[in-house]
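Listed features, source TrEMBL:
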| type | residues | note |
| --- | --- | --- |
| COMPBIAS | 1-10 | compositional bias 'Gly residues' |
| REGION | 1-48 | region 'Disordered' |
| COMPBIAS | 28-39 | compositional bias 'Low complexity' |
| TRANSMEM | 52-70 | transmembrane segment |
| TRANSMEM | 126-147 | transmembrane segment |
| DOMAIN | 181-237 | domain 'MIR' |
| DOMAIN | 250-306 | domain 'MIR' |
| DOMAIN | 311-368 | domain 'MIR' |
| TRANSMEM | 443-466 | transmembrane segment |
| TRANSMEM | 487-507 | transmembrane segment |
| TRANSMEM | 513-532 | transmembrane segment |
| TRANSMEM | 544-567 | transmembrane segment |
Amino acid sequence: MPPAVGGGLAGSELRPRRGRCGSQAPRAVGADAAAETTARSPKRPVPGSRRFEAVGQWALLALVTLMSFATRFHRLDQPPHICSVHSSAPCSSPLPTSLCWSCPGPSRQHCSRLPSSPLVTMGKHLTARILCLIVLPLALYTATYAVHFMVLNKSGPGDGFFSSAFQARLAGNTLHNASIPEHLAYGSVITVKNLRMAIGYLHSHRHLYPEGIGARQQQVTTYLHKDYNNLWIIKKHNTNSDPLDPSLPVEFVRHGDIIRLEHKETSRNLHSHYHEAPLTRKHYQVTGYGINGTGDSNDFWRIEVVNRKFGNRIKVLRSRIRLIHLVTGCVLGSSGKVLPKWGWEQLEVTCTPYLKETLSSVWNVEDHINPKLPNISLDVLQPSFPEIMLESHMVMIRGNNGLKPKENEFTSKPWHWPINYQGLRFSGINDTDFRVYLLGNPVVWWLNLLSIALYLLLGSIIAVAMQRGAQLPAQVEGLSQVLLRGGGQLLFGWMIHYFPFFLMGRILYFHHYFPAMLFSCMLTGVLWDTLLRLCAWSLSSFALARAVHALGILSLLLGIVYSFYLFHPLAYGMVGPLAEDPRSPMAGLRWLESWDF
């Protein structure tokens, strides 16, 4: 169990309560004074015992660390497929300006007097806490992502969530170590990517908008993955001649040109008109229109480079472009809204009449194929570490906010979490599948819940007693302060990591409770350590007091370890009979009907 915040008593000693042993013979005044002084001044532990205690604490920390690694890496290769991937930004803890939180027990009174200490001393304490509680955690967090980016450097199906520059660093991506033509020319086959994160590529397919959704023409969307339906051919607006004809000179696309974008797979032009967009009111619908590249004037778009002069060439990847519809004057963009199943749950593309520049209406050319042009290397475009770290977090935040439950997927509500009401199936359903099921250790979860209730009760009683001026023994008062202050901050940490989820409208999962659960575990450690110390204090024998405290802590630890042993098949995975079958390793352990393992 975690040690009590503040170390327990005025020091970390377990001292029995002093009792009266009957009548005593009268003594000299000097002897009485000396005896009284001795009684009020607790013995200091000898240096050897302090060193022994320090070595023991470091040994315990090392043991816990090794056990943590062992339990987490055990059977990590099973099953041989990814069950679940979840990334999130760091969890905040209560403000470290809460200076007294990390103070050791003997110096708690000193820490509470820091406003009355010299300014230099307070500055040293503040600097130490900033370094230890802010700088060091941020450095460790950043280092973790540095390793993350070095190891996970391969291309995958989610590349489209990231910018073109980010993709250029992924081995296997078409942009990695690639060489492509630098300037855009007529006849080039291109992909057009939205600059807003997690929007994706301009995309079309042969499916039409359904009846009653604008004009019944070919759908145009944005799609987050690489696909042949992302390819477009850039053509002049007023001619159908083939720009790739070797007899014709290369003609570059310039800022302010009027162009057509012909969808390569279906030969329909990017098109807009005054029909309303499928989801976004007051925006216009964008469709694919025409036959073999032949359409009408609603297929014409003016290409503009942000912050450039007319006549400038357009650079692949680097130029930020906008497409202005010539007839309606609207700007091509994506609302980021997910279309219904008729739109394959891809994202809505609209033409917005609001001309204010936003990332949703700014694009860049990513892939670029033109056999008549020389190529340049894209190595110069690879972003720096701070840039990729910022982008990855923005993509995670946007991705989390846009999560929707999949079919037959179990989601949960915040009230489920503290009571361990329901787990989360990561892999497998049938008895022939390799099944992994996320469930909290019931002993830990319910002990935490009991501890929160018990803390609120005891904390209220102690606070009222102290407020009314009740005279408590010095050691009991010291333990009470540990319980109120240290435990109170941990309770606050649990609350601010848990209760905001009740206000969220997004999809929620069981693992969202884990940061709050860590605070409840620490609160449990503080509470039971303090209660056991109070029990030990009431005993008259020092050795018995130490034994009671140690036995209580050991009992809690053994209970937790045994429950881990019972439920470990859920975490490490299992194949074979389900829990209802007596032959199952989980037989008899489905304590709640809502546990569906």
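Even glycines carry a Cβ here, placed using N, Cα and C.
TrEMBL does not curate its annotations; it predicts them automatically.
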Intrachain residues whose Cβ lies under 8 Å of the transmembrane segment (443-466), provided they are six or more past its termini:
418-420, 472, 477, 480, 483-484, 487-488, 491, 494, 517, 520-521, 523-524, 527-528, 556, 559-560, 562-563
Surrounding residues of the transmembrane segment (544-567) on its own chain - C-beta under 8 Å, 6+ positions past either end:
1, 14-16, 71, 439, 441-444, 447, 528-529, 532-533, 535-537, 586, 589
Overall pLDDT for the domain 'MIR' (311-368), taken as the rounded mean:
90
